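Remarks on the structure that follows.
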Amino acid sequence: PPPKVRATHPDCSVVLYFQEQEAECLEIIRSESQTSDPLRSPGQQGCPTEWDGVSCWSAVPVGQSRAVACPDIVVFKKSKALIWRNCTESGWSFPSPPYYNACELEAIGSNNDTEAKASYFVTMKVLYTCGYSTSLAALFLAIGIFSCFRKLHCTRNSIHIHFFTSFILRGAAVFIKDAVLFSDESIDHCTMSTVNCKAAIAFFQYSVLANFYWLLVEGMYLQTLLLLTFTSDKRYIWWYILIGWGVPMLTVCVWVVTRLQYDNYGCWDDYTSIYWWVIKAPILLAIFVNFLIFLNVTRMLAQKIRSPDISKNYKQQYMRLTKSTLLLIPLFGVHYVVFALFPEHIGVDARLYFELVLGSYQGFLVALLYCFLNGEVQAEIKRNWGKWQSSMESNVFNLATQDFTA
């Protein structure tokens with residue numbers, strides 16, 4: 001069956017238009033070859049239906065002509081000119097006038113504009129590659145710190161590790177997507193529809209969802225900690241894991257099945273399809289719930305700080321627990337909500353800058369707030385550094401003593 005022009009990138013609409021026209025023309029040619037063609041009756045010859053790469057020319061008898069208009073797409077200016085072809089005994093004649101004379105192209109920018117645009121995207125890729133590389137290095141170091149020091153093993157830091165892992169997956173997904181979709185410039189990205197590219201896009205969507213839902217878990221954990229001060233938080237860890245990893249997995253599975261059934265076209269990297277809301281709606285829900293948690297935690301924190309029954313040490317503890325999460329919740333969600341209210345083709349440059357360039361450094365920011373600037377982590381590192389220095393000095397003293405006695 002002929003492919004349908006569905007939700008796709010605007011730059012690919014021209015390619016898909018001609019593919020659809022060609023498929024329809026080839027279907028007519030196949031049907032004519034399978035049925036008796038009156039133009040091919042004995043004693044009479046004619047020109048069969050033909051696709052010339054731009055238009056479909058319907059079959060006519062010898063001596064007659066056929067006329068077509070310029071393709072009705074955005075790259076051609078509106079023109080009433082017609083292109084004619086005659087059916088001769090030797091076949092179809094050449095189009096007259098030629099397409100390049102009859103169908104004038106719209107101005108698409110000079111070579112300088114094209115080069116500037118290419119340079120812009122190259123610069124953008126360099127920036128977000130540096131950002132994700134920095135974030136990955138910081139996140140791996142932060143996970144190593146939380147894992148190596150026994151005193152840092154607790155539910156709070158376990159949630160932080162899962163949150164860091166979601167950022168690692170997101171950075172890895174970006175590099176995998178670039179490698180699969182844009183490593184070979186000879187590939188036609190408008191018609192690319194391989195299992196590898198669809199799997200890369202599905203993995204990328206899962207990592208983005210997991211990112212937002214582990215931020216939601218951070219907010220939920222903070223709220224639970226403030227509400228249930230004397231309740232063990234270990235009993236909730238599996239619920240947090242189910243929300244952080246399970247909900248994104250379920251969402252992506254539903255999205256994949258939906259695309260396979262109803263919109264299995266291209267590489268699934270378009271954001272104008274109605275099925276994109278299968279991914280978009282859960283992200284907006286997570287941001288909305290996190291915003292409510294942000295307001296509630298701020299209210300509870302203000303109450304606890306003003307309460308005369310809480311000591312100064314507890315107030316400082318509450319401040320340490322909340323400052324990182326309260327900073328991240330609006331930081332991660334505001335720009336997404338703003339762009340979600342507009343169509344995908346509005347503010348593309350700003351969207352790319354926020355989601356790719358600034359978004360690539362979010363992992364580094366998270367590692368900085370939750371690990372490197374964490375007073376508990378700094379104290380533990382200093383304590384172990386002091387123990388290591390004392391151990392080294394003791395070893396040097398023992399070696400010196402042995403040499404002297406010897």
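Placed from the backbone N, Cα and C atoms, the Cβ positions cover glycine too.
Record features, source TrEMBL:
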DOMAIN    24-107  domain 'G-protein coupled receptors family 2 profile 1'
DOMAIN    124-374  domain 'G-protein coupled receptors family 2 profile 2'
TRANSMEM  126-147  transmembrane segment
TRANSMEM  159-176  transmembrane segment
TRANSMEM  212-230  transmembrane segment
TRANSMEM  237-262  transmembrane segment
TRANSMEM  274-297  transmembrane segment
TRANSMEM  325-346  transmembrane segment
TRANSMEM  352-373  transmembrane segment
Among 159-176, 212-230, 352-373, stretch most in contact with the transmembrane segment (126-147) (C-beta, under 8 angstroms): 352-373
Candidate ranges 159-176, 237-262, 274-297, 352-373 - greatest C-beta contact count to the transmembrane segment (212-230) (under 8 angstroms): 274-297
Mean of pLDDT values spanning the domain 'G-protein coupled receptors family 2 profile 1' (24-107): 79
Highest-contact recorded stretch vs the transmembrane segment (237-262), from 159-176, 274-297, 352-373, CB pairs under 8 Å: 274-297
Contact set, same chain, for the transmembrane segment (159-176): CB under 8 Å, 6 or more residues outside the stretch: 128-129, 132-133, 135-136, 139-140, 142-143, 146-147, 200, 203-204, 206-208, 210-211, 213-215, 217-218, 221, 237, 240-241, 244-245, 360, 362-363, 366-367, 370-371
